[in-house]
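Below is one structure; the comments refer to it alone.
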Amino acid sequence: MTKQRQKRKLDHIEYALRLGKPETSSGFEEIRLINDSLPGFSLGDVDTTCVFMGKRLAAPLLINAITGGHPAVANINKSLARVARQTGVAMAVGSQMAGLEDPGLRQTYEVARQENPDGVLLANLSAGAPPEQAAAAVEMISANGLQLYLNVPQELAMREGDRDFNGVIDNIREVTSRLSVPVVVKEVGFGLSRETISALYNAGVRYVDVGGQGGTNFIEIEDMRSGQKSSEGVRNWGIPTAVSLLEGLSLELPILIIASGGLETGVDVAKALALGTGMAGMAKIFLKELTDKSEEGLINKITGIINELRLVMLMSGAKNLAQLVKKPVLVTGSVAEWMIRRGIDIDKYARR
């Protein structure tokens, strides 16, 4: 299994970089912020800092889980960790099961903590991993938190994937209760519904990453790996990120919701934050920037996103993130239609 898992790590990197423009949308083009012609303060007054996992970040950005588990990808995690340190953002490693199965692969993950000793670093495992493995993954990189990922559609598209998903919520409950660090339950591109988020909250989870549709499509990646082609309906399965975020926010629970899946710009980040997300995660665009250019190129990319976020905050009349979430936001188009059909009030965002 370890050799197969290692090859899969490389396949996912290769095919993710080969994917073209997604066939589906994240929905953020249908979210509109309102211009404030009299903001009354300067760009230098804008503050994007936040606290996440008990540490202050330069901006609410997460370099989301990408890789680890093969000697060839150790340098990717090394570079990502350096960039996270220099830009002041959080980072998650990829699934650590390979490192748990083969101690020789631990270094492909440990390098992230070695390069970023004081930053926010998240461990990563399947939501089916037992508490003992969860604790070992956290220990491996001295993680500030643990991501547990849900990926039923990907598993079904994967020839060697799981077909039995019994007991997952019970395992999440046990891991959450026994672990000494916060647990983030995340999707990997198919979105979390409000029913799922409610069930996770009832299981003790206080951080979720909606991992919505509109970014990397893992069904398409698994199709590329196998040489098969799923039907359009299956290939485009999922909940758009903006929709998933609004579904989660409609519960009004004391839970931090991370928006990821198709976010690419500072404008996207600003829209998600204005709606009420706590963090914004990105993965593929950061990986592509790193592989196409360099660490410096990725630093410039992240800095550019943060700078654009600051511009949008000024144009919206928000000095800080607490003010941004109080600004009016228009939810339009198919996202609004989804909310109406689900009985979710979106007028409250426009009438702040």
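For all residues, glycine too, the Cβ spot is worked out from N, Cα and C.
Automated prediction, rather than curation, is the source of TrEMBL annotations.
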Requested in this report: Report the candidate from LYS186, LYS229, LYS301 that shares the FMN site with ALA65, ILE66, THR67, SER95, ASN124, THR216, ALA283, LYS284, as recorded in TrEMBL.
Outcome: LYS186
Query raised in the report: Where the distance is taken from Cα to Cα, which of the binding-site residues ARG8, GLN154, GLU155 turns out closest to THR216 (FMN binding site)?
Result: GLN154
